[in-house]
Every structure is written in C-alpha cells, then in structure tokens.
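**Student:** As annotated in TrEMBL:
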type: DOMAIN; residues: 65-261; note: domain 'Glutamine amidotransferase'
type: ACT_SITE; residues: C140; note: active site, for GATase activity
type: BINDING; residues: C140; note: L-glutamine binding site
type: ACT_SITE; residues: H245; note: active site
type: ACT_SITE; residues: E247; note: active site, for GATase activity
type: ACT_SITE; residues: D288; note: active site
type: BINDING; residues: G375, N511; note: substrate binding site
type: ACT_SITE; residues: D446; note: active site
Amino acid sequence: MEAPPFSSSCSSSSLSSTARLLSSPSPSSSLLFRRNSFSKTHYSAKFKSPRNLSVRASGDSVVTLLDYGAGNVRSVRNAIRYLGFDIKDVQAPEDILKADRLVFPGVGAFAAAMDVLNKNGMAEALCSYIEKDRPFLGICLGLQLLFESSEENGPVNGLGLIPGVVGRFDLSNGFRVPHIGWNALQIKNDSEILDDIGNRHVYFVHSYRAMPSDDNKEWISSTCNYGDNFIASIRRGNVHAVQFHPEKSGDVGLSILRRFLYPKSTTTKKPTEGKASKLAKRVIACLDVRANDKGDLVVTKGDQYDVREHTEENEVRNLGKPVELAGQYYIDGADEVSFLNITGFRDFPLGDLPMLQVLRYTSENVFVPLTVGGGIRDFTDANGRHYTSLEVASEYFRSGADKISIGSDAVYAAEEYLRTGVKTGKTSLEQISRVYGNQAVVVSIDPRRVYLKNPNDVEFKAVKLENPGPNGEEYAWYQCTVNGGREGRPIGAYELAKAVEELGAGEILLNCIDCDGQGKGFDIDLIKLISDAVSIPVIASSGAGAVEHFTEVFRKTNASAALAAGIFHRKEVPVQSVKEHLLKEGIEVRI
C-alpha cells in the first residue's frame, strides 16, 4: 500500500531541566550499578527467571527501539523479545534512519520528550523516517508526539506529522482523569495490526488525547469512547501508532505487536470474540512482599496489618513466591498486579535488590500493569550518597514498574500543603508526577475508623455510618496513618485524598485498617466518601472475602477498581470467579 505524502513541521527547542532528568543513563552509570555498598551476587541465587515460552526469530530479525530514558520501557522490550525479536537501541539519529522497523514507546510528559528528541537531533530523523513510510509503531506518547502540538504544560510543538492538537480530557462530563484501565475500541478503517483484537479490551493510561477531525480522519484506524470519542490508533501505510499500551494489554496486546512485527503472517485461528463496549471495572491482585526471618522475599498477608503467624515461632506468614504468584495471577486474568514492599521503609530502597529483581523477572512474562509501593522517598545510603525520591522511582520504573505507590511520604506532603497552601514542587509526589505524569503515581491511603457521637466533634470530614459503631455511634472520621499503620496522623482520609489530587496523584489506593484481613467486605462508607470527593480513579482495598463483595463495592460506590490479596493467595476465591460473578451481575470486566 503506497502511503500518501507526509508533511512535517518538526522544530527544535532547547533542552529543559526536566529533559536532563530524563536522559537515559548507560548501564554503567545507573543507580543500581553506582551503589557500592551492596553486592549484586549476594542475591543471585534467590530468584530464577520463569521459563520464557517465546520462540527466537532468525538473527536478522531486529527491532530498533527509541528509548529516550523515561518510564517503564522494559515491558516493551520484554514483549518484543517474547515474540522472538532482538532489540537494537537508538544511540544516534543515524540509527533511526537505518532501522528496518522502529518502535517508539513514549512515556512521560510531552514537553520533556520533545526536548530530548530535539536536543539529540532525533526529531528530524523521526520525521524523515516516517515520511518515507518506513515500518513504525508509536505507543502512547509515541502517538501524541506525531501531532502538531499539545496543551500539556503548553502549548508545546510536536512533530507536526498529523493535523491536530493533543488536549486534556474534559472533566466537566464527570469522567475520571487520568483515563486508566481496560477500554473498548471502535475500529474505523483497515488497521492491519488490530485484526486479531476480536472486540476485546485494551489497556489505557493517559490524561491527554487527540481528537478526530476532518483534517486527520484519513489517519484514524480506531477510536475509543471516554466521555467523547478520541483517537485510539492511527495508520497510514507502514506507519502505526496507538494511544493504548499493547505491551500491557495481555494476549490481545501481544497479538497487536505480533501483527506489526510479522506483517505478512496470516493467522488460521479465529481470535476469541469478546464483548467489550466501555471502560471495564478492574480486578487487581495485590502481593504484600517482605523478607522472612531467613532473608527470602515471600508474599505475605496481614490481619489488620499483622503479618506474623500466631504460633510459638511467630514466623512471617508465607503465602508463596512473588514472581510465581504474579505469573499465576496474570494467567488467571488479573487486570493488574500490585507489589507492596512492606520492608522498604526499614532500609535503603535502592539497596533492596531482591525487589528490583522481582520486578524484572515478573515483567518478562506478565503483560499487564505492575505497580510497586514501599520505600519511595528521599534517603542517604551507608556511604553518604543521597538519593531523591525521583531517582528511587526511576529505578523502579526502569526495572519494570508501570506505576509507583506512595504512602507515608504523601501524608507528610499533604499535611504541609494543607498547612501552608503552597505547592513547593519538591515533594516526592510532585516531582515524580511532573516527570512521569500523574497517571504513573498512586497514593496509598491507610486510614483507621474513629467513631463519633457527633460529626461536629472533629475538624475532619465525618460520615454517617451504614452500620453503627460498637457503642452505637452513628458517625466516624477516618484517621490517616503512616509507617505501616503504626502511627496516626492529624489528617483525615477525605482531606488527604483532596490534597494529593491537587499535588499530582493520578490514582488513589484506598485501604482500611479496620477491614484488613477480616473478609467481611470493603468499607463502603469510606470508599463512597472518597470516590465521590475526587475526580481521579479510586481503587477499593481491604476486606474482600467473597465474590459478592466486589459487586457491592462497584454498585454502591464510584470505585474504578477493587483489589484483594489473601482470598486470592489462599485460593478461597479465584480471580476468574470474581470476574464471572461480575459479568453475571451486568458489570463490565475484561475477559
């Protein structure tokens, strides 16, 4: 198919300080290898990578990858290798021009990405490559940069290959921003790489989107509806780009990548037809990970945050190995896997090599989003080397995390913000969301119920309870805690949620210490309070004990997702059983 002629308005701009943060470090200079106080080999025997079931392609099957140094590109690498291709990284503009097939997984902020591309001379090379109708696949920001400009921290000029401006989702229609989760596509034209989707969901995570118009309609291969119809993918000749993340869309996403990498291949197996019609509710598997008394990382589960068995030995509750369990949950249909490193705050986060290893090995064969939390803060190591929370988060992203979860640090930041009314830009929450986008930052809230006779007895937002307290109290406020629930703080969950949204959080993971491990259902009062108060997605957590609890939380609150741990680990309620029940009850989920 001959591509129509392209037009470009590629322009250069100066490198910003943000872009310098994003400059991709070589392996020898990465945080992991600069640290001398920990031995890499000390932990080498503790983890074995799961067997990769991919078939290697021939030696000349190479994909050129444009990684400008931001976010989790490891997952794209792993997906490409899983499908049998080797990878050549772009080191100079000439590498783009010489590529047989080019993949550009854009992650982060529009302006920072354009600054890096312009500084390194890669913007001009990209335009030249695409204008010649060479095989190209842009992912997420890799699609947005093809447009004329973006309103994100702008206006900021893009590559100018496609007419249109990238704008933020409209909050006025009541939809939550960022757009996070599994949504349906409306395929418009012959897209080639979307042929095997079979009306199933794909994974989106973004706050900005490009809109269809008469000027760009010939480019559009699919749209997605989220408040309005936005461009989900484009195709012209050999040039493809998608707003969603195929590397995080499970088997469906792998089929899209396979179609791009093997354009002449034919499939004899008809794709499984789904019934995707809108944004699905997400079911998330959570793995609390910590070292046991022997020093091995294990998945554990607390009873109101107590993770030790009530036995004479008082050992850490061991429910399995993190990499193996994550792989099983992926097979079982979990929409995301969340790792909570509950020992991270006790030691240097970047000294926790096993947790980074868990992420690396998990991302080799798990192609749904991975979130990691615990220990993401500023710290100084034993040698006196200071690391910022941004550097800590960067190492997690480079190791395979798609989102990072901040707990105690976010509480302190919110308290200071509410006290002063000033956004300093220096908190971990603000720094990470500024560089990687707010869709990459989850704030984990750990509140405890405080019962009240009268809601006016406290300065914090109180809620009327569906079920009265132990002494007949009709009201409660939810006191936030830090350090694994051990220390209460003078701030309520409502006040914290509102504050962190303003500071740059893109999602809230809402726990409840009172419900944790009880199996009696989510705290509906709390979840309704918070999900009604903010415009970002809220993940319900703590208390799931039966499939009906998931239906209840989605019916009675505006939660976007529900998370569980112990019932999945102990196989009391399989992930698939939850999804089957939700489908039966008329709640859309990914299958």
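Including glycine, each Cβ sits where the backbone N, Cα and C put it.
TrEMBL labels come from automatic prediction, so no person has curated them.
It should be emphasised that the depicted structure is a prediction, and the values quoted were computed from it without experimental measurement.
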**Student:** Give the sequence-ordered list of residues that share a chain with N511 (substrate binding site), lie 6 or more positions from it, and have CB atoms under 8 Å from its CB.
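**Tutor:** Expected: S444, I445, D446, P447, S541, S542.
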**Student:** List the same-chain residues at least 6 positions away in sequence whose Cβ sits under 8 Å from the Cβ of E247 (active site, for GATase activity), in sequence order, or say none.
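**Tutor:** For E247 (active site, for GATase activity), the qualifying residues are S75, V76, N78, A79, P105, I139, G253, L257, F367.
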**Student:** By a simple count of other Cβ atoms within 10 Å, which of D288, D446, the active-site residues in the record, is least packed?
**Tutor:** D288
**Student:** Do me a favour and check the Cα-Cα span between C140 (active site, for GATase activity) and H245 (active site); whole Å is fine.
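**Tutor:** Counting only the Cα atoms, the answer is 7 Å.
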**Student:** Compute the C-alpha separation of G375 (substrate binding site) from D288 (active site), stating it in Å without decimals.
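**Tutor:** Rounded to a whole number, the Cα-Cα distance is 13 Å.
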**Student:** Are there any residues at least 6 positions away along the chain from H245 (active site) with a Cβ closer than 8 Å to its Cβ? List them or say none.
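**Tutor:** Counting only residues 6 or more apart in sequence, the Cβ neighbours of H245 (active site) under 8 Å are S75, I139, C140, V202, Y203, F204, V205, G253, P369.
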**Student:** Using a 10 Å radius around its CB, how many other CB atoms surround C140 (active site, for GATase activity)?
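**Tutor:** Other Cβ atoms within 10 Å of C140 (active site, for GATase activity): 26.
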**Student:** Around G375 (substrate binding site), how many other CB atoms lie within 10 A of its CB?
**Tutor:** 26
